[in-house]
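Student: Dropping a structure here in structure tokens format, bear with me for questions.
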Ligand SMILES: Cc1cc2nc3c(=O)[nH]c(=O)nc-3n(C[C@H](O)[C@H](O)[C@H](O)COP(=O)(O)O)c2cc1C
Ligand SMILES: C=C(O[C@@H]1CC(C(=O)O)=C[C@@H](OP(=O)(O)O)[C@H]1O)C(=O)O
């Protein structure tokens, strides 16, 4: 299974093509729209989110709420486009683009590197595509992947564990299920499970906003009921933990990924990191703890997957940072019209969906999956086989 996205932040739409879905998979447009609405929310988002109300238009590959097995094409409209037609048009430039040319790169964004690399004197030709608007298409892909996972009883959830200086304790997953994490985080404006930390997170976002500054943070994704043995130890690009880390760091502004206790593993002794192996009639092989976040040797262990990602603060700041005009080479202090000042809650929904995509892709690689029925039968057969191993 693979996908491609196309589209600019202020162009007419985002386009997504997914290839390799099983046929006859129950397909819900509503579930994709729900996921897109979740991505738009979250304390700290800017004015653009009041303009957009993301929904997919289905263009191919679906009939009567089921996949046919053909590529699925989806579109998401940019409602803001109507105000950008003269600047974003693909045909003759009526002079607007030159008048509105972007020559002042923002520190921390893709503007300057992209302009140098692609030879653009108008950095709009870079920023339109480097914008995190594209994550709407990736969430739509993840929302389709989630329907593959759901078909096989696999659930994905996410929550925010840090915003700026405010962090929550690491949760013990024995007390939580993906369902309860999803419910509780959904009810929080910052997608945080701890009500005290939630209030403190809201405070630091407000403080940063008053100062014209921005904040980043850390999100955690949990995947439950994952079959043993997705991914592989035999080749670098088949290791599922590595693919998930790539997917996380590919999200705009994400600078790192952790599996399980992640970087903390470097501080601890082996006996405090590795998860002891147990066996019982009821559960078969399982682990006493899940510090390695459901992965050993690039393969899933059958324990819940626990993945974290760190997002840097938003680069576009109301408080100006120094930069240099590419025409005059003069220094200037950038000022802006609008931006998010913290998008960590929204980004946790993106993280959840890119992880869902990678897990669903690995599932379809492991099990026969031309038809949705084959996939489910194979996954159930495998689960029984693992119990008897
Ligand atoms: C959901 C989300 C919303 C974002 N909103 C903004 C924004 O409003 N302004 C901004 O400058 N960057 C925003 N970013 C981050 C930039 O897109 C990102 O920093 C930029 O593409 C450069 O890539 P890099 O930070 O990965 O190097 C957002 C990121 C995400 C995930
Ligand atoms: C549009 C989205 O996020 C955008 C991501 C973004 C950036 O620079 O990454 C900049 C802002 O866009 P604008 O410049 O139009 O205000 C955000 O709103 C979205 O998440 O749907």
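Glycine is no exception: its Cβ is also placed from the backbone N, Cα and C atoms.
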Student: Among the residue ranges 73-92, 93-112, 113-132, I'd like the one that TrEMBL describes as region 'Disordered'.
Tutor: 93-112
Student: Measure the Cβ-based neighbour count of residue 129 (FMN binding site), defined as the other Cβ atoms within 10 Å of its Cβ.
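Tutor: For residue 129 (FMN binding site), the count of other Cβ atoms within 10 Å is 17.
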Student: Could you tell me which of these binding-site residues, 253, 314, has the fewest other Cβ atoms within 10 Å of its Cβ?
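Tutor: The binding-site residues 253, 314 were compared, and 253 has the fewest Cβ atoms within 10 Å.
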Student: Looking only at 129, 130, 131, 252, 253, 297, 312, 313, 314, 315, 316, 338, the residues listed as binding FMN, what is the longest Cα to Cα distance in Å?
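Tutor: The two farthest binding residues have Cα atoms 45 Å apart.
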Student: Far apart in sequence but close in space: which same-chain residues, 6 or more away, have a Cβ under 8 Å from residue 39 (NADP(+) binding site)?
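Tutor: Those within reach of residue 39 (NADP(+) binding site), by Cβ under 8 Å and sequence separation of 6 or more, are 54, 135, 136, 139, 346, 349, 350, 353.
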Student: Rounded to an integer, what is the Cα-Cα distance in Å between residue 316 (FMN binding site) and residue 45 (NADP(+) binding site)?
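Tutor: That comes out at 13 Å between the alpha carbons.
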